[in-house]
């Protein structure tokens, strides 16, 4: 499996994403081959029963019984091993796909957040859904093509039994389609309302201080309760309809077994087939209808996985905000801004218009102005977060926005208005979540005048600060963020 899913060297380019999906076909073909052998070996019990009834019981040959039993047990052991290998291969494929696509999905999500799409984590959930479906939800699809083969074998035993089995399979298949059609809309509504409720809860957690200080919780609770109730109502409606259809399915499934045995017994009494063939037909029809019955319960998961894969492909098909380029040497620090104009979104008013200046290596430049004059917006352009509407921002002659973050990011210090620290130690945050170099971390902390403050923490630089720096005061968060920028 490791050879089938050999790693790709680079996931930063758009062209590297599509081969990820193409590479899944080889393992899926292997799974199809395993399914072929498994479904052939599934006939072991039926053939064994036919031989016991028609040969052993009529002849009384114990050596024949022993030989048939050993062959049947060996075939069943091989089938179990192949079934285990098939399940493991699908699970490994799902895990590999999530590991390979995860970084690209996260990269696109950060791009989306910078474009104003908000805290959109749906692509990661879609990736998890695809992995879960690959990990086991697809098995019945590999067995479904064998339903006509099993029905054909039943026809060979007797056409009348074949008619009963075919009619039963068609009824179960119709129930599977009806189940998907009936509950699809309710599940979609439940997912949409659930996402809105979760977004409200996440917003409340992100702004916990303002929520508590200004008593915003009652309003947020009402909004969350409304969306959550709609989600629960839709889920309950879907589960109720699904349970009713599942009950009908179980009734039909048991009725089929009775009909097959009754019809087979009638044919045996009329001497049109043997007792062994009757019992074998009963076992084969159970195997023939199993994928159809599994489809009733598993089609919902496969349908969700198909929708998730469609959304994921569309999400990854979007071009990255920055094209990939050749690695560049470390910049010297010559910054040139020429005729820059910028507006936010679709607003008509320009926040920046005709801004031009130059800063050479070693120079310090302060931008001073009243509130809402565009200082923070200019700072975002100067670190390459956004491309200007007009004009250029160049670092050492290269368009700053187009420069790969791997080349320029470590040379930029940026302290946003909203301090963003991450769960981990003080040293890890100052080192930008990389392996901390003690000398560099301490030097940055000294420059930010927070070395003594950090040493006063319970574990110094190894102190865990919690998500967003929750265990620190506002001033401590600002100092550590400044050290990270330096």
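Yeah, the Cβs are placed from backbone N, Cα and C, and that goes for glycine too.
Note on TrEMBL: of 84-102, 103-121, 160-178, the range annotated with the feature transmembrane segment is 160-178. In TrEMBL, the feature transmembrane segment is placed on 132-154, out of the ranges 132-154, 201-223. Given the ranges 28-50, 235-257, the record in TrEMBL names 28-50 as transmembrane segment.
Distant neighbours of the transmembrane segment (160-178): 147, 150-152, 154, 245, 248-249, 252-253, 256, 259-260, 263-264, 267, 281, 284-285, 288-289, 292-293, 295-296, 299; these residues of the same chain sit at least 6 beyond its ends, with a Cβ under 8 Å from one of its Cβ atoms.
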